[in-house]
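Annotation comment: Swiss-Prot describes Y36, Y170, Q174 as L-tyrosine binding site, evidence class sequence analysis. According to Swiss-Prot, the motif ''HIGH' region' annotation covers 41-50. What Swiss-Prot lists as motif ''KMSKS' region' is 231-235. Marked as ATP binding site by Swiss-Prot on the basis of sequence analysis: K234. Among the features that Swiss-Prot reports, domain 'S4 RNA-binding' is placed at 353-420.
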Amino acid sequence: MSNALIEELQWRGLIYQQTDESSIEELLNKEQISLYCGADPTADSLHIGHLLPFMTLRRFQEHGHRPIVLIGGGTGMIGDPSGKSEERILQTEDQVEANVEGISAQMHKLFEFGTDKGAILVNNKDWLSQISLISFLRDYGKHVGVNYMLGKDSIQSRLENGISYTEFTYTILQAIDFGHLNRELNCKLQVGGSDQWGNITSGIELMRRMYGQTEAYGLTIPLVTKSDGKKFGKSESGAVWLDADKTSPYEFYQFWINQSDDDVIKFLKYFTFLDKDEINRLEESKNQEPHLREAQKALAENVTEFIHGKEALDDAIRISKALFSGDLKSLSGKELKEGFKDVPQVELSTETSNIIDVLIETGIATSKRQAREDVNNGAIYINGERQQSVDYELSNEDKIDDEFTIIRRGKKKYFMVNYK
């Protein structure tokens, strides 16, 4: 079974580095193991940049291994320097606690908990907060050489601009985590992003020095990159969150369906549980009939349903179809706000009602002549309905939820008109 797991991870492109490739494969063939991946609660929600390590952990669970999901309630008070060019701003304890609560709830969407072989959720504050300063320095610090720490990329990259002792010690805390989970839960493998290699190997080295433990390994996954060089995980509005209140299921769905042909197959391998035959079929469809965007639809549908559920996916598809067809009447005010979040927002005084004056005041048209031409030519739509009368007066019936009106000029240029 585990040979199949390794083959699947390799086919999906999910293995970047391993501390001991042959020993890891032998271990996975020999027994069902416990393994872990962690996340610090830097916000009250995960974003899609967190997804890949945890989805990889979930793949281990699908093959019979037991995942340990670690929320860094302790390390989150310190701050990981990995991948950061400057010092993190420390959060208050209350902030960290609230973030732990939010992220813990999201983990229940990603993993199966509560069974004999279900995932285990832990918070490293439970043990790190019990270590005294004297114990930290004597029992742990004595086994970690400064030269060894200075050799870590996460430390080296910060030396020129400066790094606090607080963040300098972070790698020791994560090393303590691995040792604790190894002793208490027989955890033998840590999975993380490629930026976590230094922290993972620190844990393995600490266990070797403190306990003579050699059966502890690390596996990292690649940094997710896009073919156009842009950073993965960002939309025009910013980070793409798993929290539906921060990024609506519709926006989430749109993020995935808008992935390019160059990236979509890689992302299907990374972020879905579709099998090899189905992904190969979707790749063939992309190559032969790219206009159908079947691969993008499969990606968006699978990831959205996995994170938000079937009902939210159905709503996202319904909103998308209505916006594409221009059938705005079928959508609620809330859904329209979601759909038009990124279009130009313009303000209109409630005294202005004639359609020509509205187009001028909002800047949709630059002159009365242009406004009249647009209306006469059928280029202006009010809430999805074409308006060709230059004498048309906007009324309260044109105000959605008594707040806004959607005006379209031409085929695709939308504006959200808010009343002041």
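Cβ from N, Cα, C; glycine included.
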> What is the three-state DSSP composition of the domain 'S4 RNA-binding' (353-420), stated as helix, strand and coil residue counts?
Replying inline: 19 helix, 21 strand, 28 coil
> Going by DSSP, is Q174 (L-tyrosine binding site) part of a helix, a strand, or coil?
Replying inline: helix
> What is the three-state DSSP composition of the motif ''HIGH' region' (41-50), stated as helix, strand and coil residue counts?
Replying inline: 3 helix, 1 strand, 6 coil
>> Within the motif ''KMSKS' region' (231-235), what mean pLDDT does the predicted structure show?
In response: 74
> In DSSP terms, helix, strand or coil for Y36 (L-tyrosine binding site)?
Replying inline: strand
> Once the chains shown are all counted, how many other Cβ atoms turn up within 10 Å of the Cβ of Y170 (L-tyrosine binding site)?
Replying inline: 24
